[in-house]
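As annotated by TrEMBL, domain 'HTH tetR-type' applies to A:12-72. Among the features that TrEMBL reports, DNA-binding region is placed at A:35-54.
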2 protein chains.
Amino acid sequence: MGMLTTMAGRKQFDVDEALRRAMHVFWRWGYSEASIDRLTEGTGLGRSSLYGTFGDKSALFRKSLQLYTQTYHPLFDQALRGPHPSPNAVVAAFLRVTLNRIADPTVPDGCLVTVSAAQFPALDAEGQAMVRAVIDGLRAMLEQALLAAGAGEQEAAEWALCTLATNKSLAVLSRAGFSGEDLATVAAVAARPRD
Amino acid sequence: MGMLTTMAGRKQFDVDEALRRAMHVFWRWGYSEASIDRLTEGTGLGRSSLYGTFGDKSALFRKSLQLYTQTYHPLFDQALRGPHPSPNAVVAAFLRVTLNRIADPTVPDGCLVTVSAAQFPALDAEGQAMVRAVIDGLRAMLEQALLAAGAGEQEAAEWALCTLATNKSLAVLSRAGFSGEDLATVAAVAARPRD
DNA sequence: CCCATCTTGGAACGATCAGTACAAGACCCT
DNA sequence: AGGGTCTTGTACTGATCGTTCCAAGATGGG
């Protein structure tokens, strides 16, 4: 009884690709400046299709952020998986992924999470919670990888936090127009042995 | 003939204080979300007074950014002036000013420059140039102080960049709701001796 | 073939956006 | 006292905001 109908799928577009493009709009412009007009233009969808498929702007943002983590967390995960000879190697591998993403010319400057975090008051409660959750998730991934690489408990916590901080700073500096060379320097120094 | 009249100053408000409040609105909300309504509410001024005194929104933003540097650059300058026994002490002193500003409850989270940098595409050309100039200015101040504290040329350049990066990361993490303790940890690790 | 379902473009909604016009009132100078 | 200048609140502009509505077209099942 219709329950197993083939969903009558006659959408004129690829949902995943449209979401990917919407993600790029939020990424480039930030939540406030990502108007529905920019989103329709960026995705190629009409307003009806956009709303009908993804819901309102807040929901679309959350789905974009989810796609962002689905896209990049595996890369971070692979880089962190190791095995790494030292905690410094973990930091270096993590930041290498960040630098690669920033160097990707097919993608906006900075990082969707950082741009959203900087615009925190512009997000509704659900958006804020999700951004915060993504950041906390990255922090936990880092901490675990650092522990696995032989770092002490406190060291792991500290370095995870600082590596996360470096990640955020790379995004901001990238947005402000700093050169890839400068960004690489920041990453290299952050991954340098200390203590 | 009026040329030397006393300017007939009967403004109903303190221009400096109004600008300070406008700066806080941009600081808290970012350029996009700092609507004229929020600015009038935040300053207590009517639209006419706001436009008559400061010009349009872009000009008001630039004047707010100028006030920001006039307010905080002296603090950075004093902290950097030293004399410092080592480059690490320079970094520590600089970040202490940043932490103090973030800990100030009378002021929004993060940092106006960082929030603006993250929103770069939302700014017009003049705003972008000014943000970039402020950042470059801070970087130069840091580099000079590091040189004065005995750092080599390359070291000074590297550490200036990385300290600037830490400054930006503290602002982003603060905006995302990280605790003052976490921020202090980031600053402490950044100021730790290395190499 | 026909009806139910889904999708789509486009028009329209009220709200808010940045910015302006204007008249009324307050002040200074002569 | 009176005229010119400055300031201020209010109302208004056209544009854009996010969102909804609706009719027309496309599709698949019975």
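Cβ atoms are placed via backbone N, Cα and C, with glycine included.
Automated prediction, rather than curation, is the source of TrEMBL annotations.
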**Message:** Considering every residue in the domain 'HTH tetR-type' (A:12-72), what is the mean pLDDT value?
**Reply:** 97
**Complete:** Checked against DSSP, the composition of the DNA-binding region (A:35-54) is 16 helix, 0 strand, 4 coil
